[in-house]
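The feature domain 'ABC-2 type transporter transmembrane' is assigned by TrEMBL to A:20-218. As annotated by TrEMBL, transmembrane segment applies to A:31-51, A:63-85, A:106-133, A:139-162, A:169-189, A:226-246.
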Amino acid sequence: MPEGNAAPQVARILRHGGYETRAMLRNGEQLVLAVVLPVMALFGLAFTGLLDGVADRRIDAAVPGVLALCVMSTAFTGQGIATGFDRRYGVLRFLSTTPLGRAGLVFGKAIAVVAVLAVQLVVVGGTALALGWQPQPSGILLGLFLLLLGAAAFTALGLWVAGTVRPEATLAITNLVWVLLAAVGGILIPGTRLPAPMQPAVELLPSGALGDGLRAALIEGRLDGAALAILLVWSLLAGFAATRWFKWN
Amino acid sequence: MPAAEPSLVVDRLRKDFGPVAALNGRMVRVLDGISLSASPGRVTTLLGSNGAGKSTTLACAQGLLKADGGTVRLLGEDPASAGSRLRSRVGVMLQDGGLPPSAKPMELLRHVAGMYRNPADIAALAERLGISDFSHTTIRRLSGGQRQRVALAAALAGNPEVVFLDEPSAGLDPQSRQTVFDLIVELRDRGLCIVLTTHLMEDAQRLSDYVYIIDRGVNVAEGTVSELTARTSSDADARTLEFSARPGLQPPLWTDGRSVVEVSAGRYLAHGLRTPADLADLAGWWQQLGVFPDAVSMQPRTLEDVFLEIAEGGTRA
């Protein structure tokens, strides 16, 4: 038997993806980060003049940034912290001795990120539609693709942090970075609205690129090539770093 | 019992850790040529004090760590590069458990079982190990011994052919320990290859078919429990007799390797006794001093004697 007593690989990965998704959704703090804060941000931006001029209507200007924030919450902060503590408790070591293996673990986590992201998309997108959100139809598919690419980049970044420092440090770093990038990382507020000296740096951040790319797609139905390229580079760099330096124990 | 083809063969295994900052960035050799083999239907024990290299040896045997030298063959494959097929035939219980604190035992066990084509009967396993009583309590809230039983069940979830158990009795109360030991013996009798580590002599003595004593990353002795306890560095047949009498007895002036030592007030050990005549000499000495001991016992050597002898003498096999 080529697989011995192992269940088929796809079944193992899907099963672990489901398991990780339930674990993430059961975690209260994670839900606050994943759903409550983005919805609060959505209301904040939709009912204030912070983004006036970015799009014709405030809600249309707000939603792309909030979706980008969802990606960062789930893929980077939430998943990074969970992985950091899994590493501390030896969970990664144990599961990597089962037929799931290390690759299966990472794929399972990626599935969980996408699944939680889907839940966020439904909640945030649904709320936004109720508030009158009208995304540019021609940009919706591109927007979904950018969300997935952003999830890949931030998952890799989260795994890189979680796999190299202590879980307490992962907790501190990913939360701090989340707050910083949410505030001045070009996610909710476009880089062009930030002080001029910061702008070039912000555009090169994965957060800035994801925010800009999503705004171009969902507001104008346009592909922002620079943002796409920057996100791709971040995914590859962080993916390489995580693979290279991840310590399993 | 004729030994079957070994399931695990470790040959001159070397492992370095580091670089260690406290040592000016030098590497530390944790394993320096460990060799061992483990066969189906046997409990093979790695015995050593904490830090001797037992867990590192297991981690290399499981493929969690890559060897820096020597070879590991597990069921005929190199575990460091093997895939899910090999992993599906091997169960692992880690020393720190490896259990997610927020999970519940049954949920976790069913998840792990889902990784296998033909998993064990999880409900029966949980019943057997007494996990059913706390199957829906989060692992965070379990005692050390309860977690230990969940970790054992998780190692057995895939009906493995080889089971690695790192300190399986740590934190267990006497009753759980008996349950766990009974299960280990039953699995052995079913033909599983069981490899366990312990720093507890008593566990090694009760469970093992074959023992490797390792110290500071090298093999120092190996054999069955009876072989090891029969072995001494100077004399194969010397016995020790323990007796209690009034404290402060003047020891006899023997010069041929026999001696009497007062190990605590009123408790004495007579070492190096080989023949009935030696016992008669001892009784003669009692007679001289007008002593009639309260209690006398002569016990077989334990693994602990062997271990202490090796640790003190620094003899390396």
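In case you wondered, yes, glycine gets a Cβ from its N, Cα and C as well.
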Closest-packing stretch to the transmembrane segment (A:31-51), where packing means Cβ pairs under 8 Å, from A:63-85, A:106-133, A:139-162, A:169-189: A:63-85
Dominant neighbour of the transmembrane segment (A:226-246) in A:63-85, A:139-162, A:169-189, by Cβ pairs under 8 Å: A:139-162
Contacting positions for the transmembrane segment (A:63-85) when only residues 6+ beyond its ends and CB under 8 Å are counted: 20, 23-24, 27, 30, 33-34, 37-38, 41-42, 45, 51, 92, 109, 112-113, 116-117, 120-121, 124-125, 128, 133, 135, 143, 147, 150-155, 157-159, 161-163, 165-167, 170-171, 174-175, 177-178, 181-182, 187-190, 207, 210-211, 214-215, 217-219
